[in-house]
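The next block holds one structure in the form of structure tokens; read it before the comments.
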Amino acid sequence: MTRFILRRSAIAVLLLFVVSSIVFLTVHMMPGDPVLLMLGTDSNPDPQAVEALRRELGLDQPILTQYANWMLHALQGNLGTSYSEHVPVMQSIGSRLPRTLELAGVSLLLACLIGLPLGVLSALRRGKFSDLVMTTGASLGTSIPVYVLGYLLIILFSLNVFGWNIPTLPSSGYVNFSKSPSAHFQRLLLPAVALALGLAASIMRMTRSSMLDALSAESVRALRAKGLPEHNVIIRHVIRNAFIPVVTVIGLQMGNLIGGTVLCETVFNWPGLATLLVKAINQRDYPLIQGCILVMSSVFILTNMVVDIIYGVLDPRAR
Amino acid sequence: MAEPLLDVQNLEMVFENKYQAFTAVDHLSFSVEKGQTLGIVGESGSGKTMAALSVMKLLPNQGRVSGGKILFEGKDLVPLKDREMQRLRGRELAMIFQDPMMSLDQVYTVGSQIVEAILTHEPVGKKQAEERALALLAAVGIAHPQRVFRSYPFELSGGMCQRVMIAIALSCNPKLLFADEPTTALDVTVQAQILDLLRKVRDEYQMGIVLITHDLGVVSDIADRVIVMYAGKSMEDASTDVIMNHPAHPYTMGLIQSAPKLEEQVERLHSIEGAVPDIRSMPKGCRFCTRCPQANDLCRETEPQAKEIAPGHFVRCHYAGS
């Protein structure tokens, strides 16, 4: 098991290197010039000022030199200084990342809490009316985009258009947890739900089909022939086997989840990493873009590594 | 004579949905005594596995026992509730299956699956159960019980897995063992070993065995009595010796002829033409009439009844014994 984890970690490090190289190159291939944006494109900027700024930012050097410099600094934990905010990239990311991680983490948790039990339940009630209701709901859930669902939730629960007798939730914004925990969670609830529902629906569908596979396995009949009580057959054996492919799907969905935070943070004005990234792209803020994408991909690679390890724990064949 | 261990009388088993029902096992009767082996022989689709699953009450969703009695030690199993049946399964009645690799849960070690069976039925601690599991592995002829105990099923060969399945089946000293094609998925040399093992445990534990197979060679090796099933019905029912040497039903004769023999050189193997009729459209008369070389109008019109042509030798054919 230790060897398995070490091997996975080595692969993760390698992936991180490849991803950071690609990120660096694509960012520099983007149309638009950060120097012109910084000096203001409306007027014709002074060529000398442009040249000076370019030299100051190191953008006049060959791309490979820039890449090597960036890589050397990144390895030491220095991702450069933001062009637009004039603070170290690590610092702006450091203040934004926890918020995005919180949003994504809570959504993932919600999605699992909703998707896994419903998937198990609908498989056990296959063909019954409740199964039909659940699978229809799941189809709906997978097909509503995050931003539509987000606005729908705002209309229903913040504007409370139907005048329901419920406490209305704030539609957007962010309050520090240390300032007021209840206000913090009130503002977290809607974006987290908006992000979670789609994921919950796909987890539920995957769980259902993989439960059905596991239920029809020959080993299940052999387990019943052993005289095992039905709840033991289901919990210890069927669910355990059914969750193996589901774990993989959750891992693959992490990409969608991180992509979803971009939309979700925009809709709910959640000041996380994704909104920072969008701003950085608009400004052609190279160091900040590279930093944001690098951190996001690290999160993705890390979660996938964790998923791989969980997979190894669940399935001895994968070790 | 004492009452038999298992006495199945006129068992009828149907597959049904909202609209229709099809009979898969039709008035089948058989009995097994302690320390005896009954062979049930037939092609795929003859209903032999469904007969065994009826007794175990492990029928697939749409299957149901619709008639007859299943007396186990004098007690009828048909009306038993799931929970009561659960207590019998594994402890009194055990079953092993055709594909031993698929019959084990791939994500648990072999040892934990044997221990699980013991703990389900017996009031023993985990330590004791583990010791017993190791002893069982040794008893079914596994050379390194310690190592196999810690292995996962996918690390073992098919023959090993079948030994493990037998160890699980034996874990609570059942009185009756159903073996559904236990050697079909295995190499020939391993087949013989598994049959030897079954014979050994039958004699040691005085267990009754119902051996389900399509292979007459397997049956002649181990069974005391044989039932030949065709399309849900028993066609011939006699001691193994009589079935092998004096078969009276054309179907049995066909089966024996189509079994390859080592000592004979033949150009082509004999085969019974055609296939088992579909459960949804059984012929009107004798069920075998569509494939029987001797069938005539009587066979196609009237279904023969089973008759006893010699003591203990039952045949379902108009022309048997005459």
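Our numbering is plain: 1 for the first residue shown, then up by one each step along the chain.
Keep in mind that glycine also has a Cβ here, set from the backbone N, Cα and C atoms.
Note that TrEMBL annotation is computational and uncurated.
Since we're looking at a predicted model, the values are computed, not measured.
These features come from TrEMBL:
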type: DOMAIN; residues: A:97-311; note: domain 'ABC transmembrane type-1'
type: TRANSMEM; residues: A:12-30; note: transmembrane segment
type: TRANSMEM; residues: A:103-124; note: transmembrane segment
type: TRANSMEM; residues: A:144-164; note: transmembrane segment
type: TRANSMEM; residues: A:184-204; note: transmembrane segment
type: TRANSMEM; residues: A:242-268; note: transmembrane segment
type: TRANSMEM; residues: A:288-314; note: transmembrane segment
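Proximity of the transmembrane segment (A:242-268) to the transmembrane segment (A:144-164) is established through 3 or more Cβ-Cβ distances under 8 Å for residue pairs spaced 6 or more apart. As a quick check, the transmembrane segment (A:288-314) and the transmembrane segment (A:12-30) clear the bar of 3 or more Cβ pairs under 8 A, pairs 6 or more apart, so the two touch. Between the transmembrane segment (A:184-204) and the transmembrane segment (A:12-30), fewer than three CB pairs separated by 6 or more residues in sequence fall under 8 Å, so the two stretches do not touch. Sequence-distant neighbours of the transmembrane segment (A:103-124) (same chain, 6+ residues past either end, Cβ-Cβ under 8 Å): 130-131, 134-135, 138, 188, 191-193, 195-197, 199-209, 211-212, 215, 234, 239, 242-243, 246, 250, 254, 257-258, 260-261, 264-265, 270, 272, 299.
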